[in-house]
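Student: Handing you this structure, nothing more for now.
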Amino acid sequence: MADHSPAERAGAPAAAAPAGSSAPAADRTGLALGLSCYLLWGAFPLYFRLLEPAGPVEIVAHRAVWSLGFCLLALLVTRTLRDFTAVLRRPRAVAQLALAAVLVATNWLVYVYGVNSGHTVDAALGYFINPLVTVLLAVVVLHERLRPMQWAATGIGALAVVVITVGYGQAPWIALALAGSFGLYGLAKNRVGRTVGALPGLAVETTALFPLALGYLLWLAHTGAGTFGAGGADRTEHMVLLALAGPLTAVPLLLFGAAARRLPLSVMGMLQYLTPVLQLLVGVALFHEPMPPERWAGFVLVWAAIGVLTLDGWVHRPRPARAEP
């Protein structure tokens, strides 16, 4: 599949199928993989609440350490360890992935803090506006020219932030930080290109985070401030839950990669909104976070912006080539 600019990916245009191809546009396996991926990401707030009383930094440190262990095991099982070592021999790729690691760790930290401090709805908002931030980054960083409907979507999204800010009395910084850090993470990964697979890439990123994360966890253990191995009868359960951060980080990413190879980009673009929808439902229905009218108004504007952006992607989707007679 040809690479797409960030602005194009945000609009989720449909991928053109080869002429004469008999493969379905969205096969059942690909759809199941995509749904599983986004449903897992959408359920993350429930998991992170279970990790309390561990703080956000401790949780992120465990996520980095256990993710590396799981990735290395997966590389061994799939016999793709050579792909990982090949990336390590490319200094430029390692530097770009190290930058991506810092950005994704920032994203993880803000997300865990948001969920465990009663701001799951703000976290959902962040992932709703992420496509709009991606479009802005395409303009500011890559100097891409936007189409009128993309500008309109961006303007509606900005208005949504203003409405929510006026209602809150302050900017929704958790949502903005999540959207910004994930947008920059996507940009950093885009610079690496498609030559690095999802699993080797995540392994390199967590390798970059590993020394600092492990050092922090050892310091917590030394000072007695950590929660891993501490506590009473539920100590083992808490340790297992923290260790599960590894597979729960890597498995959705692997499902995403497998789904992306089977589904058109347009389908993946629509499925991505399952995650913030589920997060919003969890925040409102299960965590009972407040939804005053101004917050609803802001969300409605964001959804309108997403609709405009999706429509633009559909209108400007790549057209399948006509078969020659």
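A Cβ is built for glycine as well, from the same backbone N, Cα and C atoms used for every other residue.
TrEMBL entries are annotated by machine, without manual review.
Feature list, courtesy of TrEMBL:
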REGION    1-22  region 'Disordered'
COMPBIAS  10-22  compositional bias 'Low complexity'
DOMAIN    29-165  domain 'EamA'
TRANSMEM  30-48  transmembrane segment
TRANSMEM  60-81  transmembrane segment
TRANSMEM  93-113  transmembrane segment
TRANSMEM  125-142  transmembrane segment
TRANSMEM  149-166  transmembrane segment
TRANSMEM  172-188  transmembrane segment
TRANSMEM  195-219  transmembrane segment
TRANSMEM  239-259  transmembrane segment
TRANSMEM  271-290  transmembrane segment
TRANSMEM  296-315  transmembrane segment
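Mind running through what each feature is packed against?
Tutor: Proximity of distant same-chain residues to the transmembrane segment (60-81), defined by a Cβ-Cβ separation under 8 Å and at least 6 residues beyond the stretch ends, is recorded for 54, 105, 108-109, 112, 197, 199-200, 202-203, 206-207, 209-210, 212-214, 216-217, 228, 242-247, 249-250, 254.
Nonlocal intrachain contacts for the transmembrane segment (93-113), taken as residues 6+ away from its ends with a CB within less than 8 angstroms of a stretch CB, comprise 44, 48, 56-57, 59-60, 63-64, 87, 119, 123, 126, 174, 177-178, 181-182, 184-185, 188-189, 191-192, 195-196, 201, 204-206, 208-209.
Remote same-chain residues near the transmembrane segment (125-142) are listed as 5-7, 9-12, 111, 114, 150, 153-154, 157, 160-161, 164, 172, 174-180, 182-184, 186-187, 272-273, 275-276, 279, 298-299, 302-303, 305-306, 309 (criterion: CB distance under 8 Å, separation of at least six residues from the stretch ends).
Packing against the transmembrane segment (149-166) from elsewhere in the chain are residues 7, 11, 125, 129, 132, 135-136, 172, 176, 294-295, 297-299, 301-302, 304-306, 308-309, 311-312, 315: each is 6 or more residues past its ends and has a CB under 8 Å from a CB in it.
Using a Cβ-Cβ cut-off under 8 Å and counting only residues 6 or more beyond its ends in the same chain, the transmembrane segment (239-259) has close neighbours at 30-31, 33-34, 36-38, 40-41, 44, 47, 50-51, 54, 59, 62-63, 65-71, 74, 197-199, 202, 227-229, 268, 271.
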Student: Tally the residues of the domain 'EamA' (29-165) by DSSP class, grouping H, G and I as helix, E and B as strand, and everything else as coil.
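Tutor: Going through the domain 'EamA' (29-165) residue by residue, I get 116 helix, 0 strand, 21 coil.
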